[in-house]
Ligand SMILES: Nc1nc2c(ncn2[C@@H]2O[C@H](COP(=O)(O)OP(=O)(O)O)[C@@H](O)[C@H]2O)c(=O)[nH]1
Ligand SMILES: [Mg+2]
């Protein structure tokens, strides 16, 4: 006997399942507007009025019991008690969008036919009313033969009634799933329409202002310009808004380091903590503000309903490489981080299409690259004004971003003609209603992102930094010898080995040393370079500023440019490789991804180096 | 005077001209496309209206069906035959 009855939230994408889930459980979950934002299992606890606890799961959105994407399959299997994802739920809360009954009731009818107890949450009743639609829940209840409760998930309205009506459904004896379900969608659809019409008391044509908004956002000329403007503001904001908080974090870590230096006795441990841990982790945490600003934009674009409009505008362009506008959404998320981006590809129905998107997602300039780009550009590229409002450093940064996108474009083009060949997939999407993003949801989303980032900095990045520091510190050269401590260390010897491979593309030993730990995460390259120089030159001060000074002395401009180009392509991120393995069920595709990206990185970095040398930079 | 009734197709329907779906040529559609179309409520006798076209040359269109706005490619829209409503 299981401790608590299992209740599943089911419904079409964007019906408000996740919002209702959050309202009922108080659990934290990202709430987005993109159909199928729910791509992982989310479960939480809620308590009925009689004190009975219930386990609630938020299932991925689906249109029918006939799955066409991996997340729809999960939903089908759970509600029919198949697949072993989950025990058969004791009851289903079917969430429907009140303004979209025609469509959502079809799936509801299928679910009711399964035989598991069902309660319908007639959600978004506020938006329906806003748009002049009046419904009669009593008629619905009669026609469907199951309890119906009007809810506004985001305002927590109707929750008490929902809990009260859910309670008697949980009788304690699990119901076996019925295998015979009406398969013919058209028949179901007609019944759904009849019921929806019967339940509609009055109706006025849909909202004018939303049409007006779309007339601008989807306009053939104005729409794309608006999208470019939004993206421009987004990237601009990432760099300008983040400057002040980033400086504050830098100062705080500097202070911490100074304090440890003063209080702890000189020696192995102090050096490990200051040069290794604080410098390494600090160099990465400085980028938290930028990452949060980027995610803020992405979350707002999703929650407002604009993201799908952007996909609509991008479809034409994506089609030229055999993808669809749908792929634009995961790719845009990949600018923040490829991991959530790759997970978001689960809503792409076409397998080849999805695979291609996964394979090119790491080429988007994820936030882990910024520490690397910022450091190298800041140190090596003069910040001269090249055009009004445009400085050279910013231009190079933008160039790298464009390079990633162009690389992805070419890669998609080639992949779709070779390894992921297939008929071009279609583009068919429901456009969610516009609405103001709810700041609580955005806040929760940002908080989740910040925690993931800090955890990464505190674990993977801290660990690799410390290990590198140890490998760089031992063995110590014999006293009196004039070999540098780095050359004599284990890491130095490994670095010299790697150097022979990367020397042809202009990389020096320090870079070779930084590349290895940066396999764990790109940002580590920054702290790794810092550690190499801190150990090599023990008297000097440390910190980002000091790293820049040392870089200027030791790197040529062609080397720096080649290094930047390397990072545009190189798949240096364990988390991305791991998530690709998980999402493609095996090592084949992650291995392919790592292989093709390393080859691209090597070739492009080499080409950059030799071109730069040739033009005399 | 008489003229041949050439049913319009959704991809050529003028913007904001209300119409009913007369027939859908399912054979022209790939299976997943056909199913998605049904799932989104496209069916004979249902009202549609083209709201937006993404670009002059061949981008997707956005149309209203029921109270929903749905984006679809022109090739798919071309297999949906419609009968414009008067007025
Ligand atoms: N106005 C309003 N918005 C809602 C309601 N329920 C959900 N939403 C919003 O609708 C969007 C989609 O909801 P979500 O829970 O992600 O849908 P899911 O795909 O079914 O999980 C989000 O932006 C929610 O904030 C509601 O009752 N009223
Ligand atoms: Mg959801």
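The backbone N, Cα and C atoms fix where each Cβ goes, and this holds for glycine too.
Of the candidate ranges A:152-176, A:177-201, A:252-276, A:277-301, TrEMBL annotates residues A:277-301 with the feature transmembrane segment. Residues A:221-243 are the range that TrEMBL records as transmembrane segment, among A:83-105, A:106-128, A:129-151, A:221-243.
Listed by sequence, the residues of this chain that lie at least six past the ends of the transmembrane segment (A:355-381) yet keep a Cβ under 8 A from its Cβ atoms are 283-284, 286-287, 290-291, 294, 322-323, 327, 330-332, 334-338, 341-342, 345, 348, 392-393, 396-397, 400-401, 404-405, 407-408, 411-412, 415-416, 420, 521-523, 525-526, 529, 544, 547-549, 551-552, 555, 557, 560, 563-564, 567-569, 571, 573, 576, 580, 583-584, 589, 592-593, 596-597.
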